[in-house]
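Chemist: My questions all concern the structure below.
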């Protein structure tokens with residue numbers, strides 16, 4: 001057996017000596033990531049390897065001790081010792097969530113609650129959250145009798161905790177405890193949760209607001225309309241905006257549980273009020289969640305009540321709110337009729353397209369193209385195209401980029417003819433944009449545009465641009481341009497490529513700058529598989545042989561790599577006559593990298 005996999009670590013005590021076998025793969029970890037931790041359990045001193053980064057030591061000890069000793073010795077020890085590093089406590093909280101098999105199964109699950117209850121009270125938030133998560137996992141597997149006898153009292157103790165951390169943790173456990181409780185206990189739990197929602201500490205009220213939806217999903221419909229809705233109404237009127245904004249999320253969660261008429265009566269007024277809240281954070285949350293809220297209240301109330309609220313959010317004083325609202329323009333328009341969208345939403349969109357905040361315009365540009373299918377062809381041509389053109393000329397590059405990347409959505413609605421007439425001049429202008437990411441987006445869109453425009457239109461309008469990009473100052477543009485040529489060759493065929501691409505690429509072979517000559521090598525490597533054996537041998541291979549004698553080593557070893565790629569494409573006679581002699585010559589080059597790639601290609605040639 002691997003010595004690292006099964007280590008025996010003896011530790012002696014005055015009255016007793018034990019030997020703990022650790023099933024830990026310590027060979028894969030450096031000494032700096034391990035430390036030996038001595039743990040006294042009962043009369044036994046255990047040596048446990050503690051992973052500073054992974055901290056997976058509890059299961060190792062439990063397997064060594066067995067189920068009975070784990071329940072009687074290890075778990076009580078963990079309950080009493082919670083003053084370790086936060087990383088270790090976090091790992092402990094996570095491990096205990098899957099510890100049921102180590103204590104003897106579901107019937108013994110309650111023994112795991114005390115150490116997790118202790119962890120629910122620590123100051124570190126991530127430890128508490130993980131402890132609550134593990135308690136929920138264990139509680140969902142426990143027997144009903146154990147839930148009533150052990151889990152519910154735990155929730156009540158935490159909820160009555162003197163320190164706010166315990167009360168915060170308690171809020172996340174009610175949805176596990178409630179379903180199995182008796183009627184009297186259920187009444188008590190609803191009352192306790194209500195008290196937590198009115199706690200003096202905002203952190204507790206925030207936790208209660210966050211978990212209200214989960215708790216409400218377990219409550220009976222009769223109490224949902226009364227007790228839960230009263231709690232919800234209190235949260236919506238909280239003086240802390242951090243609590244109210246979490247109540248916005250509760251609107252959508254409760255809306256799915258209520259009948260449509262109850263949703264309109266209880267949820268809709270809250271949403272409308274929140275859309276005018278004095279805190280921009282609450283309004284931001286409404287703008288972010290409004291689409292989901294519309295689904296909760298239904299189409300008719302949306303048209304009468306929520307459209308005006310959404311229009312207000314689109315014109316909000318705070319840019320953050322407008323950003324969130326602008327990002328939902330297309331989604332919101334889909335739940336309206338085209339007439340309503342044109343009447344109410346489109347005027348706001350026009351204003352946002354010239355918003356003072358570049359981030360608002362960018363958010364709008366990322367979704368506005370999706371409005372074209374909603375509004376239809378005529379409205380898109382008359383109303384949206386001018387906005388598209390305006391955004392395509394925006395001074396902020398991200399705005400232009402977002403428009404370019406979604407042009408296909410408009411093309412599906414208005415057709416390529418109208419698109420080319422209206423937007424192509426702007427696209428041609430952007431092809432020379434000073435921001436390289438914008439140029440890159442244009443290049444990636446070119447093959448799609450070419451396939452839709454056809455050969456004649458492409459040659460007339462865009463062909464020269466494709467060759468121009470090969471000599472761009474930015475490598476990513478040159479590389480994308482070479483890939484673009486390959487895709488165009490696949491679209492229009494070898495004959496077209498021989499006439500419009502290959503001659504212009506080969507003209508660059510004498511460019512004084514070696515980076516542009518490198519682009520020629522890259523283009524040839526991409527075009528050769530598309531062009532076929534005959535054209536590769538007659539037109540593409542001779543320039544490569546010429547470049548193999550270039551004065552720049554980078555050119556030569558890239559030629560060696562491309563020659564290796566050409567071996568399966570061309571005839572064997574061409575390999576022996578042209579490729580092999582060239583590689584042999586490169587294999588004797590003074591530069592070590594050239595020799596390496598040349599020899600690599602020769603080895604490939606010998607094995608083929």
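Note: Cβ is positioned from N, Cα and C throughout, glycine not excepted.
TrEMBL lists 383-533 with the feature domain 'Phosphatase 2A Regulatory Subunit A helical'. Per TrEMBL, the feature repeat 'HEAT' maps to 189-227, 228-266, 267-305, 306-344, 345-383, 384-422, 423-461, 462-500, 501-539, 540-578, 579-608.
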Chemist: Across the repeat 'HEAT' (267-305), what does the pLDDT come to on average, as a whole number?
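Modeler: Averaged over the repeat 'HEAT' (267-305), per-residue pLDDT gives 85.
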Chemist: Go through the chain and flag residues at least 6 beyond the ends of the repeat 'HEAT' (345-383) whose CB is under 8 A from any CB in it; none is fine as an answer.
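Modeler: Beyond its ends, the repeat 'HEAT' (345-383) has Cβ neighbours at 307, 310-311, 314-315, 319, 322-324, 326-334, 336, 338, 390-391, 394-396, 398-400, 402-403, 406-407, 409-410, 412-414, 418.
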Chemist: Of the residues in the repeat 'HEAT' (579-608), how many are helix, strand and coil by DSSP?
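Modeler: Grouping H, G, I as helix and E, B as strand yields 24 helix, 0 strand, 6 coil.
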